[in-house]
Amino acid sequence: SRNYCVTTQFAFQENEIKLLTAEIERLKNFGCLGVSPSLEGLRDENAKLKYRLNFLKKSLQEERSKSTKSMININSCLQEIFGAAIQAAYPDLENPPLVVTPSQQPKFGDYQCNSAMGISQILLKTREQKVIPREIAEKIAKNIPANECIEKVEIAGPGFINVHLRKDFVSKQLSSLLINGVQPPAIGKRKKVVVDFSSPNIAKEMHVGHLRSTIIGESMCRLFEFAGYDVLRLNHLGDWGTQFGMLIAHLQDKFPDYLTVSPPIGDLQAFYKESKRRFDTEEEFKKRAYQCVVLLQSKNPDFIKAWNLICDVSRREFQKIYNCLDVTITERGESFYHEMMKDIVKEFEDKGFVQVDDGRKVVFIPGFPVPLTIMKSDGGYTYDTSDLAALKHRLHEEKGDILIYVVDSGQSVHLQTVFAAGQMIGWYDPKVTRVAHAAFGVVLGEDKKKFKTRSGDAVRLVDLLEEGLKRAMDKLKDKERDKVVLTPEELKAAQTSVAFGCIKYADLSHNRLNDYVFSFDKMLDDRGNTAAYLLYAFTRIRAIARLASIDEQMLRKAAREEVLILDHEKEWKLGKCILRFPEILQKILEDLLLHTLCDYLYELATTFTEFYDSCYCVEKDRQTGQIVKVNMWRLLLCEATATVMAKGFDILGIKPVQRM
């Protein structure tokens, strides 16, 4: 990825320009020395160097104009600088460790480079040289190239290099953020990302288990889209298989005129349960159900119509939930891959990977205990077959560079086996194409057991969202927002913002690999790391300028003219925190763990509160309450904080409101 720090590039290029200019001057003076035989050659050399010089100057200008827009990732910037310093200090070390992290305490500077310890180990192991890390750190520090972000470095303890950033550099980056808005980190070539998420089953209601996949998947898509990737969001619906036999047979009995009159299936869940009960208890019905499957799979038009009717009822229910959660997704169920499955079986057979076991066709993958069953003994296909077909289609037809499956941890072995089969047969090379399972844990009730209703059923997602809306309204009324502050429209907007924002944030703020406890009381609490706290903080920040009668136009003008002063320690702390946004996003693009963004937004909000408590943005007369002075650079820091928070909310799928 084009994730270098442009400033460092400038330093190197400008250095090269200086050398070339000096070389050209030297060559010009050659003429008077009477060295005629090679003069032509030198003139040629001179012309080439001049051309190279102009080319470099031009590319430098292009980089300058390109780089001013993109937000600089300070961590990558420092990695580039220290990478160059280590390279200069130890030119023959291969892949030396490069460790740069933000400092935990101000006394250790702003960032730390901790590579010296690792290099010391490598020198001991590979060359039997015993060099203390502190010496290595000093050598690295001496070789730091010219750059515009480091004020000074200090060596501390056994060999930590503490980095102090330049105030004018941070101030300039904040101004650029205010002028250009939050720009994505530069990623280089635009890649195609396919995200498989949500994926409920037709004829079954979406339950709380689908909530995690839907929320996490949507947020990942938003992040990749913001970073400039081409994203395809896929809903791998369970819309094919033997259960449709019993559903169609039951439909024929209950609504015999279904072909001409649209059947009023209101409650599909009850309809599914009735058909399942009959399937388990009535032998005749069971036989008919199997016949229906055969007729459906042979594409009999009456049965395709029945299948479509059932799918449509489900689709409408799913769409209500996607509308509530502001989720965009393209339906591509298992039925889409049905025609491809016989070719998948043939391909594995032709390559000699298929064994027959008890009439089933199975594929063993080295290193995996359970084989994939690609054809049942009755000639039917399985989930394994449809998952292989989907994998191949996403790689070869969709041309995905990155494939992400947002599916619960229980499917981990199955998916890893499918991915390994895809590699074994040569569909993709994991060094070139990234295929990842973004696994997640289960949702637990407050009793730490699997989240269920009193009767032991899975919690319906529709009920959960309804309950969220009710509780959010109660919370707003407790604070008496309905009486004095908000109009009915604003109250309604605040209700949906808080309800759905809190449900999403509670999920996303936990490491997805862990199980998490679902608690409305915790998620609606406006203290601590919750959406309620962040949404209130955001509205307060946005109100500061408004209450000082400073409008957007005045802020925009100030962003171009004012220098952001960062002399107070809390201004400095906030400024650096705001600029860590690109490195947070970069980390998530690599490890797909969204809770890092939630942790960052919470840290940003609390750092802002510290700043606001210590630094007056608007100074008022104690007696009259009249505004005496507006500290514009501090209002700009408020604005920069809000801008980054708004983008963070957008990636998490949370909608802030102007007033709440």
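Cβ atoms here come from the backbone N, Cα and C positions, even for glycine.
According to TrEMBL, the features are:
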{"type": "COILED", "residues": "10-66", "note": "coiled coil"}
{"type": "DOMAIN", "residues": "76-165", "note": "domain 'Arginyl tRNA synthetase N-terminal'"}
{"type": "DOMAIN", "residues": "534-660", "note": "domain 'DALR anticodon binding'"}
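Summarising model confidence by region, the domain 'DALR anticodon binding' (534-660) averages a pLDDT of 94. Residue counts for the domain 'Arginyl tRNA synthetase N-terminal' (76-165) by DSSP state, with H, G and I taken as helix and E and B as strand, are 40 helix, 19 strand, 31 coil. Taking DSSP states H, G and I as helix and E and B as strand, the domain 'DALR anticodon binding' (534-660) has 87 helix, 7 strand, 33 coil.
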